[in-house]
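According to TrEMBL, the protein carries these features:
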ACT_SITE  C375  active site, nucleophile
BINDING   C254, C255, A256, P257, G258, G259, K260, D277, D303, D322  S-adenosyl-L-methionine binding site
DOMAIN    163-430  domain 'SAM-dependent MTase RsmB/NOP-type'
Amino acid sequence: MSAQLRALAAETCFLVIDQGKSLSEALPKAQQKLASAPDKALLQEICFGVMRTLPQLETVCQHLMSKPLIKQLRPLQFLIYVGIYQLKFMRIPDHAAISETVEAARSLKGQSLTKLINGVLRNVQRQPALFDFASASLAVQYNHPGWIIDAIKQAYPEQWQTILQANQHKAPLWLRVNQQQISPAAFMAELTAADIAHSQPLSYLPVAIKLEQARDVTLLPGYAEGWFSVQDGAAQHAALLLDSQPGDVVLDACCAPGGKTCHILELTPDITLTALDRDEKRLARVHDNLARLSLQARVVAADVLDTANWWQGEQFDRILLDVPCSATGVIRRHPDIRWLRKKSDITPLVTLQSEILLHAWSLLKPGGTLLYATCSILPSENSEQIQAFLSQQPDAILHPISIANNATTWQILPGEQDLDGFFFAVLHKKITT
Ligand SMILES: C[S@@+](CC[C@H](N)C(=O)[O-])C[C@H]1O[C@@H](n2cnc3c(N)ncnc32)[C@H](O)[C@@H]1O
C-alpha cells in the first residue's frame, strides 16, 4: 500500500471522469505499473469505489473546501476523493490512508497542497455527520446521475431503489464451462481440489459456475486448456435461447469480444457460424477466445448494415443480435458507465438498434429465429424497441421463453439471482405462402 498506488488511483479516476476514458481501458494500464497482485487488486477496489460514490465524495468536499481544484490540479481533486473513500469505506487504518494520500500529492506535483489535503482528510475523520445524506438529492443518496435515476424510476416504479442499490454491489465472478473440453462436474472437482469456493446456482444452466471472490482467472485450473470462459450468468442465456441446431447457418452480427459466439459453438460445434463485428480491435479478442477454446467460426470485420461487403447470399437459420446499448444493466460490473453514458446517447442508440434489427431480419430465412439481446434495462432499447418492430413486421412473432415462465420478452434486472441486467426477445419469422 503505497503513495504511488494512491497517485495512480487519482490519475485513473481523473482519466475516466474528466477525460471520458473507460475504466476497462484506463485501469489495466495503471495496474501494469504495480508489481504485486494485491496492489493491483487494491487499485481496482479504490477506483471502483470512487466511481460508485462520487456524488457523496464531491458533496463532502463541497463542505470542506471553498472551491474544487481545477485545471492542472484536477488529479489532486481526485486524490482527495481517493483519500476520503479509503477513510470512509475501506478497512485501511486512518493514519496510513491519510499519510499515503498526502505523500501521493507530492508525486502529482501538489507539494503546495499537502496541508490542504491533510486538513480535508482530518476533518472527514473528525466529522462523521458529513456522511449523513438523508436530506440530500436522490443523485447523492443513490450515487447515480439524475437522468438515470429518473429513467429507472419511470420504468420500474416499484423496484427502482432495489436496482440502484444492486448497482452499488460488487458483481460476482461467473464462469461458463466449455463442455467441449470438460464437464461441469469435473471442472468443479478441479476447483474444489484447488480450494476455490464456488457454486452452481442456476438449475437450467449447469455450465454457469459462480465464484464469490474475484480472482486472476488465468491462474484458475484449465485456463490455458480452454476449460472455461468468464461470462455473467445472464449473458449465458443467450446461446440457450438462440437454440441453434446441428447444420444451422448462423450469424452472430455484433459478436465482439466473442463471449456468446464461443458459447453457441460450445453447444453446437456442427454449425456454420459467421461472427461479425465492425470493431477490428475488439475482433482480435474473438480470434483469441476461439483459439483458446479450440472453436471455429468465420470471423468478419464489417458493418452488419453494409451487406454488400460481407454477405455471401445465403439467408441464416439463426441470428444473434447482441446490439450496442446503454449498458445500464451492467453498472454494478462497470461502475464508470453511469458517468460515461449521457442521456443524449440513448436516442441514437435506439435508432441504430432498430436499423440493425430491421436489416438483420431481411437476412433471416422464413421459419428462422432471431434473438435480440441487450445488457440494458431501459424499455426504449428493449420492450418498446420490440413492440415498434412487431408493428412494422407482420411476418414476426415472439416466441415464449420457457425459463422465464413463458414471458414473450424477458427483462432480467441487475442483482436478480445475482445476475447482470439483460433483455431477451426471441423472434420467429413466419413462413408465408
Ligand atoms: C454488446 S457488444 C457485443 C458483445 C458480444 N456479443 C459478446 O457476447 O461478447 C456490441 C458490439 O456491437 C458492435 N457493433 C456496433 N454496431 C455495429 C454494426 N453496425 N455492425 C457490426 N457490429 C456492430 C460493437 O463493435 C460491439 O462489439
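Using the three backbone atoms N, Cα and C, a Cβ is placed for every residue, glycine included.
Positions of TrEMBL features highlighted on the structure.
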residue: C254; record: S-adenosyl-L-methionine binding site; Cβ contacts under 8 Å, 6 or more apart: L276, D277, V304, L321, D322, V323, P324, I356
residue: A256; record: S-adenosyl-L-methionine binding site; Cβ contacts under 8 Å, 6 or more apart: D277, D279, R282, L283, R285, V286
residue: G258; record: S-adenosyl-L-methionine binding site; Cβ contacts under 8 Å, 6 or more apart: A275, R285, V286, N289, L290
residue: K260; record: S-adenosyl-L-methionine binding site; Cβ contacts under 8 Å, 6 or more apart: A235, A238, A239, D252, L320, D322, A373
residue: D303; record: S-adenosyl-L-methionine binding site; Cβ contacts under 8 Å, 6 or more apart: R278, N309
residue: C375; record: active site, nucleophile; Cβ contacts under 8 Å, 6 or more apart: A234, A235, C325, A327, T328, G329, V330, D420, G421, F422, F423
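Secondary structure at K260 (S-adenosyl-L-methionine binding site), as computed by DSSP, is helix.
Binding-site extent for S-adenosyl-L-methionine: residues C254, C255, A256, P257, G258, G259, K260, D277, D303, D322, maximum pairwise Cα distance 19 Å (rounded to the nearest whole number). Across the domain 'SAM-dependent MTase RsmB/NOP-type' (163-430), mean pLDDT in this model comes to 97. Following the DSSP three-state reduction, the secondary structure of the residue listed as 'active site, nucleophile' is coil.
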